[in-house]
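What Swiss-Prot says about this protein:
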type     : residues                                                                                       : note
BINDING  : 12-18, 40-42, Arg304, 330-332, 412-414                                                         : GTP binding site
BINDING  : Asp13, Gly40                                                                                   : Mg(2+) binding site
BINDING  : Asp13, Glu14, Gly15, Lys16, Asn38, Ala39, Gly40, His41, Thr128, Arg142, Gln223, Thr238, Arg302 : IMP binding site
ACT_SITE : Asp13                                                                                          : active site, proton acceptor
ACT_SITE : His41                                                                                          : active site, proton donor
BINDING  : Val298, Thr299, Thr300, Gly301, Arg302, Asp303, Arg304                                         : substrate binding site
Amino acid sequence: MPALVLLGAQWGDEGKGKATDLLGGSVDYVVRYQGGNNAGHTVVVGDQKYALHLLPSGILSPGCTPVIGNGVVVDPAVLLSELSGLNERGVDTSKLLISGNAHLITPYNVTLDKVTERFLGKRKIGTTGRGIGPTYADKINRVGIRVQDLYDESILEQKVEAALEQKNQLLAKVFNRRAIEAGKVVEDMLQYAEQIKPFVADTTLILNDAIDEGKVVLFEGGQGTLLDVDHGTYPFVTSSNPTAGGACTGAGVGPTKISRVIGILKAYTTRVGAGPFPTELHDEDGEALRRIGGERGVTTGRDRRCGWFDAPIARYATRVNGLTDFFLTKLDVLTGWERIPVCVAYEIDGKRVEELPYNQTDFHHAKPIYENLPGWSEDITKAKTFSDLPKNAQAYVKALEEMSGAPISAIGVGPGRTETIEINSFL
């Protein structure tokens with residue numbers, strides 16, 4: 001049975017939660033492999049809507065074991081708050097597994113994230129201010145706090161004291177902030193230890209054994225390809241690797257065990273925060289996409305920037321992730337447009353460029369070259385098969401598939417779990 005990676009093919013917010021939850025009923029494990037509570041996904045089950053930030057979407061599927069891998073950064077307060085909220089709504093969270101090697105977001109990580117962003121002023125990145133970047137920086141600098149450190153108080157104290165020696169200098173001398181007491185941080189972190197302990201496990205061993213036994217394992221990426229720290233629109237990116245390679249390092253599973261890589265692709269394009277966005281709309285079409293699509297960030301609460309579909313971005317995602325399939329979402333949002341522009345290439349310095357430019361300056365100056373496709377007015381939310389879609393909607397999907405470089409195997413035609421057309425099975 002397969003091990004699948006499911007990830008965002010644009011700038012995040014593509015509808016990964018729905019796709020993951022749809023597959024979650026058929027898989028044995030759903031694994032978050034990077035990011036933290038800077039991700040946000042909304043899952044609709046029946047008449048219930050669940051907004052998750054840290055927990056894998058699969059936690060809503062009774063037969064599935066949700067896993068937080070070693071590549072995730074965990075805010076313990078957010079973790080316990082999400083678990084409590086789900087428990088109150090009758091969701092069984094007892095099967096959750098958390099890697100002991102996952103890093104913890106500390107109070108000083110959050111403080112540094114916020115003061116640094118304010119310090120940058122107009123040059124700010126658009127961080128969520130939740131301590132994600134500073135926690136990953138601590139990890140790379142080898143001064144990070146891991147989940148397993150909660151269960152050795154002396155090691156926790158040593159690590160926090162060592163980290164704060166430098167950070168307090170930074171807070172006081174650069175940001176004019178008061179020093180943070182190491183003892184208070186240790187006390188804050190230890191209060192979560194006993195509640196988290198039942199979930200802590202050797203997740204790398206468990207996942208590899210599960211794959212070897214023929215179980216179905218789904219790796220769920222947060223954010224999106226264009227927010228990847230290596231492959232995204234740097235520096236306007238996240239601090240981890242949402243791309244397919246991150247699933248291997250962030251969960252401890254070798255690349256030869258991955259059998260399928262599915263890219264979630266919105267039928268138009270959105271972005272939250274600063275950074276280049278060639279197809280962004282500043283007119284009534286952009287406002288209509290935002291309103292009809294409900295384009296407001298689950299995590300940030302900020303309105304998303306909206307624009308038309310960008311084919312060079314989709315091809316880029318196919319290339320850097322080795323995508324085998326696309327799951328196209330929010331096709332229903334485009335109902336009602338007489339014509340739908342699709343970006344097929346860019347104009348940069350007077351020249352036509354077919355692919356995403358590797359040079360950030362070129363990408364900042366890229367102007368979209370559009371091809372207009374005919375729209376449709378029929379309601380598509382009740383469509384169950386591809387042939388149920390209006391002819392122009394079918395043609396739109398086929399055009400996107402041809403431009404993007406991988407087959408579109410499923411289509412979202414509404415927010416609900418059942419409002420999906422499956423063309424090719426992912427399993």
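Heads up, residue numbers simply count up from 1 along the chain you see.
Glycine is no exception: its Cβ is also placed from the backbone N, Cα and C atoms.
Between the CA atoms of Val413 (GTP binding site) and Asp13 (Mg(2+) binding site) there is a gap of 16 Å. Closest in space to Asp13 (Mg(2+) binding site), of the binding-site residues given as Thr128, Gln223, Arg302, Leu331, is Gln223, taking the CA atom of each residue. Among the binding-site residues Asn38, Gly301, Asp303, Arg304, the residue whose Cα lies closest in space to that of Leu331 (GTP binding site) is Arg304. Sorting the binding-site residues Asp13, Asp303 by the number of other Cβ atoms within 10 Å puts Asp13 first. Within the set of binding-site residues Thr128, Gln223, Gly301, Asp303, Arg304, the entry lying nearest in space to Lys18 (GTP binding site) is Gln223 (CA atoms). Each of the binding-site residues Lys18, Arg302, Arg304 was scored by how many other Cβ atoms lie within 10 Å of its Cβ, and the smallest score goes to Arg302. In this structure the alpha carbons, written CA, of Arg302 (IMP binding site) and Gly15 (GTP binding site) are 17 Å apart.
According to its DSSP assignment, Arg302 (IMP binding site) is coil. The binding-site residues in question are Asn38, Thr128, Gln223, and the one with the fewest Cβ neighbours inside 10 Å is Thr128.
Note: the CA-CA distance between Thr128 (IMP binding site) and Asp303 (substrate binding site) rounds to 13 Å. Proximity of Gly301 (substrate binding site) to non-local residues of its own chain (separation of 6 or more, Cβ distance below 8 Å) is seen for none. According to DSSP, Lys18 (GTP binding site) sits within a helical segment.
Sorting the binding-site residues Gly12, Gly15 by the number of other Cβ atoms within 10 Å puts Gly12 first.
Put simply, Arg304 (substrate binding site) is 10 Å from Gly12 (GTP binding site) when counted between their Cα atoms. Arg304 (substrate binding site) sits 13 Å from Gln223 (IMP binding site), taking the Cα positions as reference.
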